[in-house]
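Enquirer: Quick one: this structure, given as structure tokens, is what I'll be asking you about.
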């Protein structure tokens, strides 16, 4: 008796504009198939920087952790799901977009969070901590389908904890490269967040002056933040997990350029010197 209603509900989550979220950019201005043109195609940077960082960080991943490849794949999935969401403004697209972000942050936690920040009951065991993070993320994922606001609370909680860790580590370090990376990461993230909030809160103003691109600017800035954030976490992790090795920061395409994507090279310390 309930099958037709269930089918209608399932089909509705795939439908165009079935999400309650609608960004400032006018819909279907450039194509009948793409709801938000600039918000959709600005995600292409996720698909560029993801594979590029996998290539640049390959030596690091081979020596430290191959989980880096999984983190990069999740980053690219965020770009794909975000493209799908902004193309359709469907409820399913919204869920996939938000859940993929949650899993990216969770995977970063599992791989790079220093053991000194682990809960005491896991006793510094990264495997147990990763299991705890995975179980929590799975529960949050299922709850998101029941109550979508759960994911927003989860993401905000993680963001607050990350800021706390960044502040704590920044106070402890003396390495100029790491301090620079943390500063740039925070500035990029703050600029991206400002664009995101401004698009939501001041939409009527931006529409009056015909400037609809703040959310697409958020996509570009946050995709650039990813390489800086990854390298920052790798350097912090190395301080705790690889004290016998030195990580040298390089920038693609050239170290001498003012702007570039950071990556690290692991160097063996010569203990005979």
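FYI, residue positions are counted from 1 along the chain as it appears here.
Placed from the backbone N, Cα and C atoms, the Cβ positions cover glycine too.
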Enquirer: Among 30, 58, 86, find me the residue Swiss-Prot lists at the same Zn(2+) site as 215, 219.
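Expert: When Swiss-Prot describes the Zn(2+) site, the candidate it includes is 86.
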Enquirer: Where Swiss-Prot splits the chain into topological domains, do residue 32 and residue 247 land on the same side of the membrane?
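Expert: The record shows them split across the membrane, with topological domain names that differ.
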Enquirer: Among the residue ranges 127-147, 253-273, I'd like the one that Swiss-Prot describes as transmembrane segment.
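Expert: When 127-147, 253-273 are checked in Swiss-Prot, transmembrane segment belongs to 127-147.
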Enquirer: Among the binding-site residues 86, 215, which residue has its Cβ surrounded by the fewest other Cβ atoms within 10 Å?
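Expert: With the binding-site residues 86, 215, fewest surrounding Cβ atoms within 10 Å: 215.
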Enquirer: Are there residues at least six beyond either end of the transmembrane segment (216-236) with Cβ under 8 Å to its Cβ atoms? List them, or say none.
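Expert: Sequence-distant neighbours of the transmembrane segment (216-236): 25, 38-39, 41-43, 45-46, 49-50, 53, 57, 60, 64, 68, 71, 75, 79, 82, 108, 111-112, 114, 169, 173, 175, 177-178, 181-182, 184-185, 188-189, 191-193, 195-196, 199, 247, 249, 261-264.
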Enquirer: For the topological domain 'Lumenal' (199-215), what's the model's average pLDDT?
Expert: 93
Enquirer: On the DSSP side of things, how many residues of the topological domain 'Cytoplasmic' (115-126) fall into helix, strand and coil, could you say?
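Expert: Tallying H, G and I as helix, E and B as strand, the rest coil: 7 helix, 0 strand, 5 coil.
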Enquirer: Where residue 219 (Zn(2+) binding site) and residue 25 (Ca(2+) binding site) are concerned, what is their Cα separation in Å, rounded?
Expert: 14
Enquirer: To the nearest whole angstrom, state the Cα distance for the pair residue 23 (Ca(2+) binding site) and residue 215 (Zn(2+) binding site).
Expert: 7
